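Per Swiss-Prot, these features apply:
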- 1-23: signal peptide (SIGNAL)
- N133: N-linked glycosylation site (CARBOHYD)
- H138, H479: Cu cation 1 binding site (BINDING)
- H185, H481, H548: Cu cation 3 binding site (BINDING)
- N261: N-linked glycosylation site (CARBOHYD)
- N276: N-linked glycosylation site (CARBOHYD)
- N289: N-linked glycosylation site (CARBOHYD)
- N325: N-linked glycosylation site (CARBOHYD)
- N334: N-linked glycosylation site (CARBOHYD)
- N401: N-linked glycosylation site (CARBOHYD)
- N421: N-linked glycosylation site (CARBOHYD)
- N441: N-linked glycosylation site (CARBOHYD)
Amino acid sequence: MMKSFFSAAALLLGLVAPSAVLAAPSLPGVPREVTRDLLRPVEERQSSCHTAANRACWAPGFDINTDYEVSTPNTGVTRTYTLTLTEVDNWLGPDGVVKQKVMLVNGDIFGPTITANWGDWIQVNVINNLRTNGTSIHWHGLHQKGTNMHDGANGVTECPIPPKGGSRIYRFRAQQYGTSWYHSHFSAQYGNGVVGTIVVNGPASVPYDIDLGVFPITDYYHKPADVLVEETMNGGPPPSDTVLFKGHGKNPQTGAGKFANVTLTPGKRHRLRIINTSTHDHFQLKLQNHTMTIIAADMVPVQAQTVDSLFLAVGQRYDVTIDANKSVGNYWFNATFGGGLACGASLNPHPAAVFRYQGAPNTLPTNIGTPAADANCMDLNNLTPVVSRSVPTSGFTPRPNNTLPVSLTLGGTPLFVWKVNGSSINVDWDKPIVDYVIAQNTSYPPQANVITVNSVNQWTYWLIENDPTGPFSIPHPMHLHGHDFLVVGRSPDQPAGVPQTRYRFNPATDMALLKSSNPVRRDVAMLPANGWLLIAFKSDNPGAWLFHCHIAWHVSGGLSVQYLERPNDLRNGFSQADKNQHNNNCNAWRAYWPTNPFPKIDSGLKVKKWVGEHPDWYIKN
């Protein structure tokens, strides 16, 4: 029995190898560069004070110090987009390897960048031309204040959009500004290509000259994500085959593919919008011979902080500035893995992009430079948001109703099952939680993992403990829909290379570790291995909001709860138009689902299984 446990633990850790301007869609099987022009706002604005010398100003009455949760520009503009999902078999990937199947958005493995100005409305028509998979698109990090039904979490805020031409419209306000991304919350679409980036233009905490645009970084696998999920439910997470930077990557075995290139203008300051769109891998990032200055974390503007390297967890975003003040030449932008294999691994020993100064020869850098410092799989916890928020730590007392233990069950079928508070989430696609809200039915299924929050405009505290009584624990990037949360505290960091010892929250000693005055605020934060994380958010946004690990294999395995915030206010706030669209989409899904002969094998929030010659083989429960 002990031998079986250690074998399972080794597998889990991976210690055992096993209306905007859109670019033209790529031809099937022909990879191309994924580029978007984000050097200017969507359109020139009249009398704008937002200049290279003064990025803090945005428009009369709105600047970097404006609290966007209180005041947002009323632009009167709606940005419209259409996203069409398709499947392609035997697709030639960017590293020269043919993949069995990919799912594309407007013909790309990265869909178009959704671009808007602060205060605009965004309207996206999603057309599902997949063969048998439903879909839902989540607009990661956008609060959806007053538009909970547009959050894109199937089984929670909507039924899936049925395949073979089903469609629905998402409409929401760009209340925040900064950098984010969108992705499927159904099936294997997240890992198989249904992903894209979001830019909401707005003020910044430091001046800069050039906006380089989005820079998504992702782990990349030759196997379909559906197959990988089944493998990780019964074994360890495999290393990625390579890492893609803005859609490009090198094959470490054959040399096929190419490095992504970013051009720097000598003497200028550049803004780079870095996004981790991975399914599993976290990255330690370093631009050789340069520093990066952080100006935003997860769409929260922060006071400038300069770093030599940067840890980026799955789902996180950082806006940074880079000064092109070095010798004209070519420099590696490296991604490494710290904190042991539980933090990520790749078969590519040198995942990198090339940052090239204008005037430099078109050659690869010759100096790999110094390795990035190992952050031990933990994110920065000392950033200072520009708009301050404070929370009284005296209001927190750990109790069973605000403590969420994360645990792993070993030895069943599947081998690994993730639980929060002793329960593994399993949503019902046919009856999302908002249906219960509309019907005033509070008999939620136990497996829906619903936590009801009835308080109004009050700080709510949540202590997440990582396997506090179990034998095994790894870090988790915890993501909350509908809110930014305050990182009030976490268990003490361990030095790099030193495994985290078991550390449960102890009020007698750990209350002194909590930060009440303007702590880090974001929507994805790392839960330390063997440790704890204390977050707080204010109950000011009625909705059904998922809180989950953003490692696709873990949320697929059940690591999620959903906060049902102020259900009565939520029900009263639904517009008739939203309810009509919701009902029409659910009716279309319910008509389709009984005709689909293929299985639902996981939580319903991420990936599903492909088997044999039937890549969408789902068994209905």
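Every residue, even glycine, has its Cβ placed from backbone N, Cα and C.
Cβ neighbour count for N133 (N-linked glycosylation site): 27 (other Cβ atoms within 10 Å of its Cβ, all protein chains included). Cα spacing between H185 (Cu cation 3 binding site) and N401 (N-linked glycosylation site): 27 Å, rounded to the nearest whole number. Comparing local CB density within 10 A for the glycosylation sites N261, N276, N289, N401, the maximum falls on N276. Residue pair N261 (N-linked glycosylation site) / H479 (Cu cation 1 binding site) shows a Cα separation of 30 Å. Cβ environment of N325 (N-linked glycosylation site): G267 lie under 8 Å away, each six or more residues apart in the same chain. H185 (Cu cation 3 binding site) is surrounded by 30 other CB atoms, counting those within 10 A of its CB over all protein chains shown. Minimal Cβ crowding within 10 Å, among the glycosylation sites N334, N421, N441, is found at N441. Each of the binding-site residues H138, H479, H548 was assessed for Cβ neighbours inside 10 Å, and the highest tally belongs to H548. Over all protein chains present, the Cβ of H481 (Cu cation 3 binding site) has 28 other Cβ atoms lying within 10 Å. For the recorded positions H138, N276, N289, N401, a Cα-Cα cutoff of 10 angstroms around H481 (Cu cation 3 binding site) retains H138. Annotated pair H138 (Cu cation 1 binding site) and H548 (Cu cation 3 binding site), C-alpha to C-alpha distance, rounded: 13 Å. Here the CA atom of N276 (N-linked glycosylation site) lies 13 Å from the CA atom of H479 (Cu cation 1 binding site).
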